[in-house]
Amino acid sequence: MSTLSPALLAAAPAGPSLADFGKDPLWITIIKAVFIFVFLLLGVLFGVWFERKLISRMQDRYGPNRAGRFGLLQSVADGLKMGLKEDITPRTVDKVLYRLAPIILVVPAFLAFSIVPFGPMVWMFGQHTPLQLTDMPVAVLFVLAMASVGVYGIVLAGWSSRSPYAILGGLRSSAQVVSYEIAMGLSFVGVFLFAGTLSTSEIVAAQAEGGTVELGGFTLNLPSWYVVLLIPSFLIYAITMLGETNRVPFDLPEGEGELVGGFMTEYSSSLKFALIMMAEYVNVFTVSALSITLFFGGWRAPWPISLWDGANVGWWPMLWFFIKLVLVFSAFVWIRASLPRIRYDQLMAFGWKVLIPLNLGWILMVATVRALQVPENNRAVVFTLAAVVLVGILAIWFRFDTVLQRRREEKAAQIEAEFARLQAEPEAGGFPVPPLDLPHYHGAGRKEVPSGSN
Amino acid sequence: MGETITFWVLAVVSVSAALGLVFSRKAVYCALMLGVVMLSLAVLYAVQDAPFLAAVQIIVYTGAVMMLFLFVLMMVGVDSSDSLVETIRGQRFWAMIAGIGFAVLLALAVGQAAIGDPAGVTGANQRAGGNVPALAELIFTRHVFAFEVASALLITAALGAMVLAHRERTRPRPTQKDLAKARFVSGYPGPLPGPGTYARNNAIDMPARLPDGSVSELSVNRVIARHDVEDGRLPDDPELAEAIRQAAAEEEEHNASIAGPKEDR
């Protein structure tokens, strides 16, 4: 898409900016809000079906194919069943919070979707209005804020259930969401630095055309989608969005082997469980939509389509947005089909000791590049600071590397010595090994005969 | 108009939440009420043309600080009562002084806003071209030193907490490999026996019978066996009762052995 000269790209009509919001009459706002609500509800309904269908095709089976054509009505049937089942409330729970928790979980999930841009300015019932419910100067932070309110639902669901599994699951998953939120917030910084704004509609507009950068007399066209330009940011975001939504491989809260159902153990049936599940799927849609907005050019058409003049105007962009959303969601399913669940300590160590430091280093590099792009900046200062930081990092790295190397060698020597000692002993240090000179071994020196050759 | 309505609605919500915070008996409800107060504040900030402050208020205070509070409350448990012993000498006196100082500060701040002509955030926002750039300009130029000092203070506090919570390991933490090795050397690497082939019941404190009819002590949970012995809940079958007593004795021995050299517990 990107390295083509701007002439090749269709003249990108400037998308809506912050100034275009807050002018809608009330009824247009209500239409948009209802549309998002219905979109998400249907998305959950058919998202579950799509996920089950796709994952079963990946596992060589058919998946739901009984209710309706292609099993399309399976989720509807499941939902009806949940609505009609007896609503069991365990006797010992804290009744108020037990009922409140699923609601606290689901409301912010829906709210967060309100800043997602679906498309450019369109004419809707005689009103010229952007295809986005609302936007604000801190729209991306709003998503983070809603995510951190949603964590209350998890914690309270775990606490109010009064069950050890639930409280452990609740603590685990909230600790996970809170720590991955930090890495997620840091992965936005690169985008903010390049887009120069925190508003979603303007970030999409900033990805309409790649900027240019002067490097030693050459003018380089930067790619327009931030996924290319800021690939480390995107990769970290992609990992954190799995952690943030508690999806495989980070779905430890529901590690069945250890925690039964995690914080939702006591929500065994009924609509409360349906709400929790809905919140989970809506969160997946929100982070997917955010990844599209921040890294994949939002509702803008990808390259071959963008050659067509009408690609980025009117109602068409909604289709591109939807296709991108389906693709990102499919990636979620694909990951779920391929990866096993990781251990809890590995998860936390990965988040805090790998993702966050990597992210900070990357932000430093992005900021340096941005500082060089500002013309009135003193380049000598930037270069000197960069050199100082670089030398410091290299010194620290060499120091740690030699220490680690020494430690590794010591460990290897220790293992070697232990093997030598155990081999010399006939008892093998107390391990239950059969004596290696038994007759059917033909002696220890004989070469192994591969099976099937005799 | 909209601002006034929002203010009065939020005033009622946040004041009643604050009262709930003071009068609620359960600590978790108190924390939740505080969360509601913080959210109302965030909305008020947003209405007053400070969206960045609103978002940060929710992310930092509601999302991180209150969450830590909740964590601690849950770890401590609902039933633990407060200790009423005052350990700091003269703390009432100093608390009173701090309270009066805070009241004076508050009165000064409110007086400043009430008496003078309030400038409003709108003007500052417009001059810098938006709320976020305006804040950034102030934070990274005029108040950069204050922010650095504040961050140094926070890092020092975090370091202090880590030092207080830190325990030096006297021996390296056993890895999975070490544990597996120890299990094999112990002579019994497999899992403990289940309820047994000839189980007559599936109660967790009933020893299993092995295929040869003998009783397996290993199949009883030692902790439960100890409780059984202490509460006198032993089965009628003398063989089974003996096995439970045996397991309880082992538990006692185990407890005595870890009570001596206490480490990594």
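Positions of Cβ are set from backbone N, Cα and C atoms, glycine also.
Per TrEMBL, the feature compositional bias 'Basic and acidic residues' maps to A:445-454.
Residues or ranges marked as region 'Disordered' in TrEMBL: A:426-454.
The feature transmembrane segment is assigned by TrEMBL to A:29-50 (among others).
As annotated by TrEMBL, transmembrane segment applies to A:96-118 (among others). Within the chain carrying the transmembrane segment (A:96-118), a Cβ under 8 angstroms from the stretch's Cβ atoms is held by residues 15-16, 33, 36-37, 40, 89, 130-136, 139-140, 142-143, 146-147, 149-150, 152-154, 156-157, 159-161, 200-201, 204, 266-267, 272-273, 275-276, 278-279, 282-283, 285-286, 289-290, 293, 298-299, 317-318, 321, all 6 or more beyond its ends.
Beyond the transmembrane segment (A:138-159), the same-chain residues lying 6 or more positions past its ends with a Cβ under 8 Å from any Cβ of the stretch are 94, 97-98, 100-106, 108-109, 111-112, 115, 166-171, 173-174, 177-178, 181, 184-185, 188, 192, 198-201, 203, 244, 253, 262-264, 267, 276, 279, 283, 286, 290, 294. As annotated by TrEMBL, transmembrane segment applies to A:138-159 (among others).
According to TrEMBL, the feature transmembrane segment maps to A:180-205 (among others). Non-local neighbours of the transmembrane segment (A:180-205) in the same chain are 14-18, 20-21, 115-117, 130, 132, 135-141, 144, 147-148, 211, 226, 229-230, 232-234, 236-237, 239-241, 243-244, 250, 293-295, 297-300, 351, 355-356, 359-360, 362-363, 366-367, 370; each lies 6+ residues outside the stretch with a CB under 8 Å from one of its CB atoms.
As annotated by TrEMBL, transmembrane segment applies to A:225-243 (among others).
Taken from TrEMBL, the feature transmembrane segment applies to A:273-295 (among others). Tertiary neighbourhood of the transmembrane segment (A:273-295): same-chain residues 40-41, 43-44, 47-48, 79, 82-83, 102-103, 105-106, 109-110, 112-113, 116-117, 140, 143, 147, 150, 153, 157, 188, 191, 200, 203-204, 225-227, 230, 233-234, 237-238, 241, 244-247, 264, 267, 321, 324-325, 328-329, 332, selected by CB-CB distance under 8 Å and a gap of 6+ residues from either end.
Per TrEMBL, transmembrane segment is recorded for A:315-335 (among others).
Feature annotation from TrEMBL assigns transmembrane segment to A:347-368 (among others).
Tertiary proximity for the transmembrane segment (A:380-398) is limited to same-chain residues at least six positions away from its ends with a CB under 8 Å from its CB atoms, namely 364, 368, 371-372. Look at TrEMBL and you will find A:380-398 (among others) tagged as transmembrane segment.
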(message) If we skip the immediate neighbours and take only residues 6+ beyond the ends of the transmembrane segment (A:29-50), which ones have a Cβ under 8 Å from one of its Cβ atoms?
(response) 64, 71-72, 74-76, 78-79, 110, 113-114, 124, 132-134, 277-278, 281-282, 284-285, 326, 329-330, 333
(message) Are there residues at least six beyond either end of the transmembrane segment (A:315-335) with Cβ under 8 Å to its Cβ atoms? List them, or say none.
(response) 47, 50-51, 54-55, 58, 117-120, 122, 131, 242, 247-249, 284-285, 288-289, 291-292, 296, 298-302, 305
